[in-house]
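*Asks:* My questions will all concern the structure given below.
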Amino acid sequence: MSSRSSRTIYVGNLPGDIREREVEDLFSKYGPVVQIDLKIPPRPPGYAFVEFEDARDADDAIYGRDGYDFDGHHLRVELAHGGRRSSHDARGSYSGRGRGGRGGGDGGGRERGPSRRSEYRVVVSGLPSSASWQDLKDHMRKGGEVCFSQVFRDGRGTTGIVDYTSYEDMKYALDDTEFRNAFSHEYVRVREYDSRRDSRSPSRGRSYSKSRSRGRSPSRSRSRSRSRSKSRSPKAKSLRRSPAKSTSRSPRSRSRSKSRSLSPRGWVTVERHWIALI
């Protein structure tokens, strides 16, 4: 189990009249809250320590609430006990590379949410390119309790994977819906995850394309060899030309083909023979 310090966050710049219930409402969406220690000094702002069951939920809360505008107060959220972790660090712990994904958005970039998984999984297609795993998680919570979210991008667009904690929540979420974040909104499609359809890895797809290219190469080489043999054949040339041209050109082509196997003297003899005929 993770240490308490990694599961507890500090929340600063709270309004002086905030209540503990309001603090819980702010952070319970990121995971089960164990304890809230709210401090309201004589002179505001106030602050609080919020402990989660899981350190990954604490990271979620830092990412989602650091800088959040609550009733005109921009909250400051970081790890407690001197273990400062900014919202930028929290993003890195999940996406690894920010919104751009791997290599600045090369089509295979991925952004991950918490690593807890379940068998009650749905696929969300048609997401806007600006969607993050946190945006997806927040949106899909309308269907039930989400324990995992992931966003990845490929040549077909932006797709999400969401795991629910129960079968009922997963079934409730299976419906087309309108996805919104700070940048855009799209109508997305939600369907149940199919292991046979959705578990193909990118590396498997790449190896398949290579094998197909290897399969084509022999046919290309055979077609080239056939074209060369036809172009060198005197008979092939004579079939494509008129009779008048074939009588004047075919002897010369035959003499050249024979000249490769005969000595220079023999070639002259053959050449004179044809000249005499002409």
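Quick reminder: no glycine exception, Cβ is built from N, Cα and C everywhere.
Annotation source Swiss-Prot lists domain 'RRM 1' at 7-82. Marked as compositional bias 'Basic and acidic residues' by Swiss-Prot: 81-91, 108-120, 192-201. Taken from Swiss-Prot, the feature region 'Disordered' applies to 81-121, 192-263. Residues annotated as compositional bias 'Gly residues' in Swiss-Prot: 95-107. Feature annotation from Swiss-Prot assigns domain 'RRM 2' to 120-195; the stated evidence is sequence analysis. Taken from Swiss-Prot, the feature phosphoserine covers SER201, SER203, SER225, SER231, SER233, SER242, SER250, SER259, SER263, and the record attributes it to similarity to another entry. Annotated compositional bias 'Basic residues' per Swiss-Prot: 207-243, in sequence order.
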*Asks:* Across the domain 'RRM 1' (7-82), what does the pLDDT come to on average, as a whole number?
*Replies:* 89
*Asks:* When the domain 'RRM 2' (120-195) is classified with DSSP, how many of its residues are helical, how many are strand and how many are coil?
*Replies:* 16 helix, 37 strand, 23 coil
*Asks:* Report the DSSP secondary-structure composition of the domain 'RRM 1' (7-82) as helix, strand and coil residue counts.
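*Replies:* Breakdown, helix to coil: 23 helix, 29 strand, 24 coil.
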